[in-house]
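Over in TrEMBL, the protein carries these features:
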TRANSMEM  B:35-60  transmembrane segment
TRANSMEM  B:80-100  transmembrane segment
TRANSMEM  B:112-141  transmembrane segment
TRANSMEM  B:161-180  transmembrane segment
TRANSMEM  B:219-238  transmembrane segment
TRANSMEM  B:258-278  transmembrane segment
TRANSMEM  B:299-320  transmembrane segment
TRANSMEM  B:340-358  transmembrane segment
TRANSMEM  B:365-391  transmembrane segment
TRANSMEM  B:411-439  transmembrane segment
Amino acid sequence: MSEENKYWHILEEFEPIKDARMPKGREEVISPSSRRNFLKVLGLGTASAALIASCKRPVEKAIPYFIKPDEITPGKAAYYASSYFNQNEFGNVLVKVRDNRPIKLEPNPKSVITPNGTSGRVQASVLDVYNINRYQHPLKNGESIQWEAADSEIMERLRQLADSGQPILLFTPTIISPSTKKLISEFVAAYNAEWHQYDAIPMDGYREANRKSFGTDAIPEYHFEKADCIVSVGCDFLGTWLSPVEFSGQYAKRRDLHNGDGNLNKHYQIEAGMSLTGSNADLRIRAERNDYGRILAYLRNKLAAKKGVPATELPAPPQAVAEKLDLAINDLLANEGNSLVICGDNNPDYQVIVNSINQMLGNVGRTIQFERTYNHYRGNEKGIEKLLNSNPGAVVVWDVNPVYNHPESEKIKAAIEKAPLSVALSSLPDETTALCEYILPSPGYLECWDDAEYKDGVVSILQPTLHKLFDSRQAQETVLTWLKDDTNWRDTIKSNWAASYFPKQTEQNDPERFWIEMLKRGEFVTSSNPVSVGYNQNEVEKSLQQISNEKPTEDFTVELFENINIGTGHGPLNPWLQEVPDPVTRIAWDNYASISPAVARQMGIKNGDVIQLGTLTIPAFVQPGQADKTISIALGYGRIKGIPEELITGVNAYPLATVENGFRQFAVSGFDITKTGGFEQMALVQGHQSMEGRPIVRESTLDKWKENPAAGNELHEQIKHHHTTLYQKHEYKGHKWGMAIDLNKCIGCSACVLACNTENNIPVVGKKETARAHEMHWIRIDRYYNGDEENPEVVRQPVMCQHCDNAPCENVCPVAATNHSSEGLNQMAYNRCIGTRYCNNNCPYKVRRFNWMDYTGADAIPNNRYDPANMTVDLSRMRHNPDVTVRAKGVIEKCSFCVQRIQEKKLTAKNEGRQLLDGELQPACQQACPADAIVFGDLNDPNSKVSKMMEDPRNYHLLEELHTLPSVGYLTKIRNKS
Amino acid sequence: MHVSPVREPLINGEKSYSDITNDVMAPIKAKPGKLWFAGLTISSILMLVGFAMIGYTIWFGIGTWGVNRTIGWGWSITNFVWWVGIGHAGTFISAILLLFRQKWRTSINRAAEAMTIFAVMCAGLFPLIHMGRLPLGFFIFPYPNTRELWVNFNSPLLWDVFAISTYLLVSLLFWYMGLIPDLGTIRDRMKTLWKKKVYNFLSFGWQGSARHWQRHESMSLILAGLAAPLVLSVHTIVSFDFATSVIPGWHTTIFPPYFVSGAVFSGFAMVLTLMIVTRRALNLQQYITVGHVESMNKVIIATGSIVGIAYITELFMAWYSGVEYERYAFMNRALGPYAWAYWIMMTCNVISPQLLWIKKLRRNLTFTFILSIFINIGMWFERFVIVVTSLHRDYLPSSWSMYKPTFVEVAIYLGTFGLFFTLFFIFIRVFPVIAIAEVKSVARSSARKFLGKPTQKQKPEKQ
């Protein structure tokens, strides 16, 4: 058929088809044969012939799938909806699975609880699965045993104990899984056992107070996004309190100025030690830890007086504090019904007062709602009391570690040792499992089936994304075996869902289809109705009385708090979490006693000097903003059992806690500081605390911003006029990537740092190397103090590679290993880098990281690995993202704007024949940020969110006066000081 | 030829032409003494320890050093710049002073040139070993390759590669060309056959014919012409490593002249340190006279004063620029945590050479020796101050950090001393420390023997 007579029979055929995969100009590379080319070919041919002939290559067998499973496409990630739950951390996640290995957790954007982001701990949890310290098979007295043998022995002994009436105690952390709860109740019934939930840091005081005030022991929902004024007394709600990821998102919504209405919340934080939340406050009021009760009473009485409610006279907090509290009181009164008062102390008396304040202000039912109450934090002291006071016949521990984290550690240890039968159902060895006769290991949560009802009526599914790594069995399956029930656990959950939730919906009419739909979505939300609670103020008087009995003391009070990364004691096993510096002190790998600068001066204590506090020997850290008579110490450190030597860091501060009136207290008075003369080198990653007056973080106040949206950012315009160059401006055709960071929304939680670690295979270097400023993080969160050392204001700034269009690093590299892409990315060719570190020296932002030693095992030289955290053993290496090169010793690396994600999304769009959508493409840091502070996108698209943010008068570039022309913009921090 | 009575003789003690040959060749012919063996042993042990530490660094990585994310270059680049500086005196003396027809250079140029070459070898080591991936260091050369990769000609570090290698090559050539007539002389005096053969080979069969001399002279002049600009360019380019960057304290246009004068300053100091000892040890006091020392001291005053002015200009410019980062960088140098290094530098480099205005001190060998050591220390600290104090507190205070060398870095530095002195010890035993032919060429006009006899009329010199 001739060319002219070619008919087309469908319309698409008329269009010539372009081969999308062949970039234009590719053909031109093939040049005609010349003498030069002949020599090239000849040389290559000879060399390859010589190489092939002389080298004996090892035989490597690659066996393809005979029948390929449907879900697995090599090189392509699959995502499964699941959930993470541990203590106070909950996240609906999508598990990214590559070639059968979960490698990354991403927030499930359809979740009603955590759609925006995840916490750092969730990000890091993927590493917990690949932990070589896990129990790998069942044990009896330290010797391995068959599952069947262990089961039959335990069942027989449980039966005997049950028959003889000796108590069988089952300890679990708070269980939020409806199916597991049901299962446990069956176990309790079958063996006449007692089930106790135990939390390392409990909130039973809150539940008790709510029972007294509202007649329900539920912990309500707090709506920070509805609160115009927040008064928090020592409550770290952005870091560790109750549901921080959720609250961060809500809080950040009210720090957003993009819509232009300037409707910022006003945040007062009254606290002794500097917390993450306190460092974000508009006004942080420094107060002693043991004044909290008096502060709450003062707030309550002042408000009561204004509202005409009778008030009881009480000793007032110090004058300086009271004066500032009056400001808060005025704001609270101005925002009745739209305010929120919270307190971070587990003392029920305090919480009763907090409840009365919120009730007076009309917040209950508005910013505090009982519609979807929280199901976690059900633990209390009763179980431990029972363990200590009755001679239990059997103790079954399931992921709880009271020997480590309860003040009565020694007694608990004795009681477990004395019990005739002790069984551990945990996956990781710890201080408690070490005492148990039987250890029946459970796999990690990414290998398990489960469900979770974190909030009433919001039920999620956990599904396995990895075949069980070791000879382990999920604890629920163990219990099923003991119940002689041979249904499989997944089927149990499935039938529970069919019975409980299938009838509550109308979308699906087949339970099987409903189940599959739920697996896809990961979450089921039942409809809910507003719940109104009554209020009973009878207890207030009694609580006030209790508080009036507290006396201010002259000695030191130790305040124990949960660290945002390490948590209650799970973190030390996770090198990623250990290596991320604390967002306030910027110390990694350690806990320490924070003391105020005044006390440090008076006693001649410097950072790292070891001090003695009662029985505790701990290095001191001088913390600006710390109350003089309060010493703050992070919990969760000092784990010894089941941790490799290299990861044992810090000291265990749990023994300092006390139990008062049946409630655990984490603030204890009566301490003296004595210097021991010792010194410990801490891994402090930021030694200098002040900006030295440089315009690095630019800030202003809300009032000024309302007058002039560029307030505090006047320099930007001035500098813009100075940007002149002799060179022609480079034109970026297609995309030009950029990032905008809203400093007003960033709370500093470090989730981005951990997400980046996971995504980009960032090596872990250990405490010693971190102390030598050899840390490898591609993104860091700088923290500066402003003002006096007693009441400093805190600013933060996430800093990653700024992808400068006029990059100082690029022109100094002798081998052109770092260069600029046609889309404005500053890129690193690791293969080309020879490690002169010139780029690093010349980077004004100091974001480049050098592989000082063989941290990853990618180096060609043998026997030189530096891996203090076992991150290069085969099991841990399963975490690696195969899309990102693992860097060898001696090369520079840095933030790539997640170029692998850019490439992937661009290809997807190309294959689908469409343009890339704004927001479709998110680097790992943006994706994890619970506060939505990071926005990434195409600067060539004038309608993209990032372009609009760059146009915001608040936008500036870091060190823009250097004419480096960064692609990252920062939006000024605006404090609400009105 | 009339010689001004103001000029003091360059060769003391009634030395005839044959005395010159005998005196200079004495160490080559004689068996080395115990001191020489002791010196060689100590320096070669140091060298081996240094090499072992270099091996250790390559094996385990730069992490064995004290440098960190903020301070990417520490002792390694400090030492590099310092050694390159030391390596300036030889070529300066032989090339620039040759062009300026300074006769006094003839007694010292040989040793100074050898020192230059050894110092540049030591210097050249550092940019290599400070690389994270030394085995791939060849990437820095613009060689054609199948991946069509090319080097970055914008990078001062690449300019360094060319500058240093050219300088080493030209210095080596210049030195060796100057050696040829002397090698011929040695060959003629050697009694053992194999030594004769070796020196004959090394001297390229030098016969001392008029044609040989004619070619040798013009070659020397051409090489001097080539080497003279190199003396100025090498340290200029080394200074570009810093001057073209954006780091406050580095980003300074004054650097090229400041570095060159600093280099000559430190080079002369090192020549003095070595020559004051060598002349005693090899019994060459009559050839390297107090007059020589004084001349060199004059160069030291000149270059030292330029360096001093440069320091003060830097401070002024930091203030005058109005840039807060610049101002802070210099405040921090003088008053920050590394102030001690700054004040060592200031004392040794600015204050101490000014003492040389006093003629008595200028002609005092002990004083000059001590002063030369001070200047060497001061110049090392100058480089340390530039490299480390500029980096350790740059733009973002969040990244500020401190630097302390590790044992490995110290050992590598000492190892380069080992290398330097090992080569120097070998040099003084196998090659003439003083350029015999060149000294002879000025003997008639500057040796006491010929000047001291007023009755003997000056004969027209053959040149």
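A Cβ is built for glycine as well, from the same backbone N, Cα and C atoms used for every other residue.
Note: TrEMBL annotation is automatic and uncurated.
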Where among B:112-141, B:219-238, B:258-278, B:340-358, B:411-439 do we find the most Cβ pairs under 8 Å to the transmembrane segment (B:35-60)? B:411-439
Within the same chain, the residues 6 or more beyond the ends of the transmembrane segment (B:80-100) and with Cβ under 8 Å of it are 108-109, 112-117, 119-120, 122-123, 126-127, 130, 164, 167, 170-171, 174-175, 178, 220-221, 223-225, 227-228, 230-231, 234-235, 238, 259-260, 262-268, 270-271, 376, 379-380, 383, 386-387, 416
May I ask for the residues of the chain that lie six or more residues beyond the transmembrane segment (B:365-391) and have a Cβ under 8 Å from a Cβ within it? 70-75, 77-79, 81-82, 85-86, 242, 247-250, 262, 265-266, 269-270, 272-273, 276-277, 290, 293, 297, 300, 304, 307, 329, 332-333, 336, 338, 341-342, 344-345, 347-349, 352-353, 355-356, 403
Within-chain partners of the transmembrane segment (B:161-180) [C-beta distance under 8 Å, separation at least 6 from its ends]: 84, 87, 90-91, 94-95, 109-110, 113-114, 116-117, 120-121, 123-124, 127, 140-141, 202-204, 206, 216, 219-220, 223-224, 226-227, 230, 233-234, 237-238, 431-432, 435, 438
Which of B:112-141, B:219-238, B:299-320, B:411-439 shares the most C-beta pairs under 8 angstroms with the transmembrane segment (B:258-278)? B:299-320
Same-chain residues near the transmembrane segment (B:219-238), Cβ under 8 Å, at least 6 residues beyond its ends: 80-81, 84-85, 87-88, 91-92, 94-96, 98-99, 156, 159-160, 163-164, 166-167, 170-171, 173-174, 177-178, 256, 259-260, 262-264
Please indicate, using numbers and ranges, the residues of the same chain that are 6 or more beyond the transmembrane segment (B:112-141) and have a C-beta under 8 Å from a C-beta there. 54, 57-58, 61-62, 73, 76-77, 79-84, 86-91, 93-94, 149, 151, 157-158, 160-161, 164-165, 167-168, 171-172, 174-175, 178, 267, 270-271, 274-275, 412, 416-417, 419-420, 423-424, 427, 431
